[in-house]
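**Student:** Before I ask anything, let me first share the structure, which is written out below as structure tokens.
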Amino acid sequence: MTAGPTPRRIALISVHTSPLAQPGTGDAGGMNVYVWQTATRLARRGIDVEIFTRATSSTDQPVVDAAPGVTVRNVVAGPFDGLDKRDLPSQLCAFSANVLRAEAAQEPGYYDLIHSHYWLSGQVGWLARDRWGVPLIHTAHTLAAVKNAALAAGDAAEPMLRVVGEQQVVDEADRLIANTATEVAELVDMYGADPSRIDVVVPGADLDRYSPGDRSASRAVLGLRPDDVFVTFVGRIQPLKAPDVLVAAMAPLIKADSTSRLRVMVVGGPSGSGLAQPTALIDLAERLGIADRVDFLPPQPPERLVHVYRASDVVAVPSYSESFGLVAIEAQACGVPVIAARVGGLGVAVNDGRTGVLVDGHDVDEWTRRLSELLADPARRADMGRAAGQHALQFSWEHTTDSLLAGYTRAMSAFGRHAQPDGGRFGLRRWRNRAKVMA
Ligand code: UDP
């Protein structure tokens, strides 16, 4: 552990999605899991965590005691429903005003630190940091410039509004948290971030929940046939995640399968719009003549998702970009090999050739070939599954929390020395980078 100050109470900002939402659909995914898992663990270490998120239902209570030491503050900013994530920049003023009011109602110096998640929250954290005189730590989760450089066919580019807003947050945050060294390089190369202000904090999996288990028992829980072979996709159904690449790549294998046992399982709900929506996926499976061999399950809570992983023979993560990819770790923690695109954090999450397979690009024929190799060799899959279970043990939320705390300490130690909420600290670099990103 890094010696130095630790916060007594932190304001954790998650504007666009609540940690209490079911992940795997809409805007709820890995970030929700990350926020919840780290908040509860920070609280167990004696830190009060208050999470500010946007209220999305009239039944959301303003203040929810979500777990010992974890409070969720549902901030009213705009209508409860009908607002797309892309509309949320219009509500940042309302959201920020209510965050500032909540703090003003407490004794002075109520929060020691702000941790913002995703750029929308970073914008709020920037203002609150200047008002409260505490350090701002920011985790981007995904970066627009990275996403735009690897778009799925038909997927909409992230708007300039986000690119510019994200750049401002990168420039203003006292420290940045990156999932992997790859993300550090992206922040430095694409956003001109100062590497000495970035901490690598590797995300984890809930290893108490996700562990190897009996495949047949899990199949019985889910009502699946004991001797089918399942290649499974878990996550938000959106073009970026490329479930269509998996379905298309599996089609020739399913058609050539004389046992009629090979199936694709797709677990998750719609997110955004575009080619890979569930209805479009069903259409695709129908066009390819494999609709009766593709199973769709709605988003599953963790206590059932563990059975989905354990029931699977292979889990596929074909995403176009992925800052980490929690699904890849959770599946491996359950002793299941993963076939993943060699992008972003998936290169860290999967040990290529040992715990799974990394595939370059999204060429459907190449995916068919790599899947076919894996499916033809049950002994290799079993070896990989065992290695995957071991590999995943290094990714724990406890470890993530240790690293976060070290970053908080660094931020608090440095803050008194050079923080000046004058907006001009990084001014020159800000404009230079903005020109670079917009070019
Ligand atoms: N998830 C879930 N139920 C589902 C599908 C996904 O709880 O039906 C969770 C999954 O356990 C994982 C997260 O959603 O923790 C997805 O995170 P990942 O990093 O893979 O993708 P992201 O959503 O961040 O793009």
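Cβ from N, Cα, C; glycine included.
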**Student:** Which one, Arg162, Arg175, Arg197, is listed by TrEMBL in the same 1D-myo-inositol 3-phosphate site as His16, Asp27, Ala28, Gly29, Gly30, Met31, Asn32, Lys85, Tyr118, Thr142?
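**Tutor:** That 1D-myo-inositol 3-phosphate site, as TrEMBL gives it, pairs His16, Asp27, Ala28, Gly29, Gly30, Met31, Asn32, Lys85, Tyr118, Thr142 with Arg162.
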**Student:** Can you tell me which of these binding-site residues sit near ligand 1, meaning the Cβ is under 6 Å from at least one of its atoms: Ala28, Gly30, Tyr118, Arg236?
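**Tutor:** Gly30, Arg236, by Cβ distance under 6 Å.
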**Student:** Of all the binding-site residues given, namely Arg236, Gln300, Glu322, Glu330, which is spatially nearest to Tyr309 (Mg(2+) binding site) at the Cα level?
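**Tutor:** Closest by Cα: Glu330.
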**Student:** For His16 (1D-myo-inositol 3-phosphate binding site) and Pro23 (UDP-N-acetyl-alpha-D-glucosamine binding site), what Cα-Cα distance in Å is obtained after rounding to a whole number?
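**Tutor:** It is 13 Å, counting Cα to Cα.
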**Student:** So the record assigns His16, Asp27, Ala28, Gly29, Gly30, Met31, Asn32, Lys85, Tyr118, Thr142, Arg162 to 1D-myo-inositol 3-phosphate. If I measure every Cα pair among those residues, what is the longest distance in angstrom, as a whole number?
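**Tutor:** This binding site's residues have a maximal Cα-Cα distance of 20 Å.
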**Student:** So of all those binding-site residues, Gln22, Ser312, Glu322, Glu330, which one's Cα sits nearest to Tyr118 (1D-myo-inositol 3-phosphate binding site)?
**Tutor:** Glu322
**Student:** From the Cα of Ser312 (Mg(2+) binding site) across to the Cα of Ala28 (1D-myo-inositol 3-phosphate binding site), what is the distance in angstrom?
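**Tutor:** Taking the Cα atoms only, Ala28 (1D-myo-inositol 3-phosphate binding site) lies 23 Å from Ser312 (Mg(2+) binding site).
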**Student:** Taking Cα atoms as reference points, rank the binding-site residues Gln22, Arg236, Lys241, Glu330 by distance from Asn32 (1D-myo-inositol 3-phosphate binding site) and give the first.
**Tutor:** Gln22
